[in-house]
Amino acid sequence: MAVKGNLRTPIVSVMGHVDHGKTTLLDKIRGSTVADGEAGAITQHIGATEVPIDVIVNKCGNPALRDKFIVPGLLFIDTPGHHAFTSLRSRGGALADLAIVIVDINEGFKPQTIESLQILKRFKTPFVVVANKIDRIHGWNPQRNMPFVASYNKQNERVKSELDRKFYEIVGELYNLGFNSERHDRINDFQRNVGIIPISAMTGEGIPDVLMVLLGLAQKFLEANLHYDANIPGVGTVLEVKEEKGLGTTIDVILYDGTLRKGDTIVVGSLGKPIQTKVRALLKPRPLTEIKSEEKFEQVSSVTAAIGVKISAPGLESALAGSPVRIATPETIDAITQEVQSEIEDVQIDTDSMGITIKADTIGSLEALVNELKKENIPIRKATVGDVSQRDVVEVAAIEDPFYAVIVGFNIKVLPDARDKVQDTNIRLFQNDVIYRLIDDYKDWVQEQKELAEKEMADTIIKPGRFQILPNCTFRQSKPAVVGVKIIGGVVKTNLDIMALDGTIVGRVKGLQSSGENISQAKVGMEVAMAIEGPTVGRQIKEGDTLFINVPERHAKRMENEINDSLTADELETLDAFLELKRRGNPFWAK
Ligand code: GDP
């Protein structure tokens with residue numbers, strides 16, 4: 001491939017919300033260059049498309065710029081989505097050097113737009129925002145493949161101001177997320193401002209600007225990152241693990257440094273021990289002109305970074321998308337295997353002894369999910385790559401704490417036998433392909449469960465109550481004793497035991513009456529008649545005595561530790577007085 005100096009082609013990823021136009025934009029970048037009669041100039045790689053600098057400067061109508069740029073072109077990863085972005089890693093960073101965040105100008109930001117921006121911020125990846133579908137603005141007069149400003153100037157005033165209005169909504173949304181932004185042609189300093197380019201992926205308007213701004217960003221921010229050495233052993237990242245007819249399991253790889261040859265021994269990350277194998281064939285897509293050929297792929301004997309290539313080799317079945325690919329010699333193989341292993345283990349997350357179980361489709365996305373959960377202080381018991389299996393379900397079903405009998409899965413499937421099993425358990429399963437939705441869903445559920453549990457507890461729990469037997473109000477001595485009482489704290493209900501100040505149980509509340517009516521409870525301040533089963537007035541109880549409702553230890557403990565927020569100040573005070581009496585005999589009571 002063409003290189004200038006020793007800088008490789010920057011790798012570009014397109015991110016954004018579903019349906020906002022990622023695929024259309026990539027198709028346009030590929031297709032329009034073909035339509036311009038430059039078919040030979042763009043190269044279709046495995047999983048990526050390379051647009052050389054010559055094509056870009058021609059499209060922008062300014063070949064004189066050719067010499068201003070030091071990078072040889074742009075390599076677009078064909079799998080769009082923020083998900084692909086996080087999965088594709090190199091040496092712990094993002095594989096993509098640059099990114100495009102696409103947003104439908106008519107719809108504004110959506111969850112995946114926001115998530116893309118957060119991911120880019122975390123990886124410190126330079127990016128540009130494209131505000132897509134400007135051709136949908138009512139009255140838009142399309143100007144195929146023109147640079148944005150030229151097209152804008154051809155629109156009438158009403159259309160222009162409608163575009164401006166929508167555009168500044170996007171500026172506002174970016175501002176709220178902590179980014180200063182401005183239209184790309186008005187920016188002097190891309191370090192301080194994010195460029196927004198209005199485009200139509202459909203008509204091609206603004207696409208020359210996208211290519212230009214990306215080149216500019218590469219030039220400005222990436223020079224140091226793009227140095228590569230064709231003479232070193234190749235280093236890459238697995239894009240996808242794919243079954244191919246006649247070839248068995250193959251891996252699609254983006255090589256970002258060095259050279260890879262047929263016959264090389266490679267080490268590839270896997271779920272278990274790294275795979276050591278020998279490259280049987282290196283495959284590239286067959287050029288469009290030869291599409292009639294039987295073979296889908298063309299064999300090559302070597303490839304040099306940056307490039308997308310398919311590797312056919314034995315034993316790749318357990319290869320892991322997103323993991324490293326390294327070349328080894330007999331001397332280096334042990335060390336390199338170790339390195340690949342530790343690169344993968346690094347993301348196999350230090351877990352907590354108790355917590356939720358998480359699954360994700362690639363190591364990159366697993367790591368992103370773990371990071372976000374940690375930020376929320378949500379403990380993780382186990383974090384692994386892959387679909388939810390029966391084994392996962394069995395393990396999680398054994399967890400007693402319902403808040404942790406939870407599987408949170410990002411972009412994964414639940415295998416059929418696992419799904420059947422889940423239905424027999426009370427495991428809670430969360431699945432989504434937007435990380436922060438997943439986390440929000442889990443948090444909402446936890447909150448809901450807590451509130452439910454509290455409410456249930458508050459309904460059934462025996463609350464503290466303190467009352468005094470009033471003087472000269474004994475209506476009956478015994479069987480049952482009936483006396484007038486005043487509730488001086490908390491609440492008193494029927495069918496509860498009564499405790500004296502020395503801790504003995506003196507009887508049980510049999511009935512309560514107020515103004516001649518039976519009532520089931522009496523609250524602080526009320527004066528009522530109480531029937532007490534057990535004691536005789538003048539023996540076990542006397543007029544003027546202060547008595548407590550006997551709260552069972554388990555209930556006292558819960559009120560003190562778990563639901564004290566839901567108790568009134570008066571109930572808390574009564575509980576404290578009760579606990580003090582209990583703890584005189586046993587300091588650890590209800591602790
Ligand atoms: P993705 O899910 O982000 O890959 O979105 P797609 O590229 O599949 O686009 C979603 C829909 O929007 C498709 O029907 C596209 O034809 C349409 N679309 C994409 N870009 C444009 C555009 O610039 N203008 C118009 N009018 N439609 C577009």
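Each Cβ is built from the backbone N, Cα and C atoms, and glycine gets one as well.
Where the annotation comes from TrEMBL, it is an automatic prediction and has not been curated.
According to TrEMBL, the GTP binding site annotation covers 16-23, 78-82, 132-135. Among the features that TrEMBL reports, domain 'Tr-type G' is placed at 7-223.
Residues Asp19, Lys22, taken from the binding-site residues Asp19, Lys22, Thr79, Ile134, are distinguished by a CB atom under 6 angstroms from ligand 1.
Annotation for Thr79 (GTP binding site): same-chain Cβ neighbours under 8 Å, separated by at least 6 residues, are Gly47, Leu239, Glu240. Non-local neighbourhood of Ile134 (GTP binding site): Ile105, Trp140, Leu163, Pro198, Ile199, Ser200, Glu205, Gly206, each in the same chain, at least six residues away, with C-beta under 8 Å from its C-beta. Summarising the environment of Asp19 (GTP binding site), the number of other Cβ atoms within 10 Å of its Cβ, over all protein chains shown, is 12. Annotation for Lys22 (GTP binding site): same-chain Cβ neighbours under 8 Å, separated by at least 6 residues, are Val14, Met15, Gly16, Pro80, Gly81, Ile102. DSSP assigns Gly16 (GTP binding site) to a strand. Confidence across the domain 'Tr-type G' (7-223), taken as the mean pLDDT and rounded to a whole number, stands at 88. A 10 Å cutoff on Cβ-Cβ distances gives Gly16 (GTP binding site) a total of 28 other Cβ atoms nearby, all chains included.
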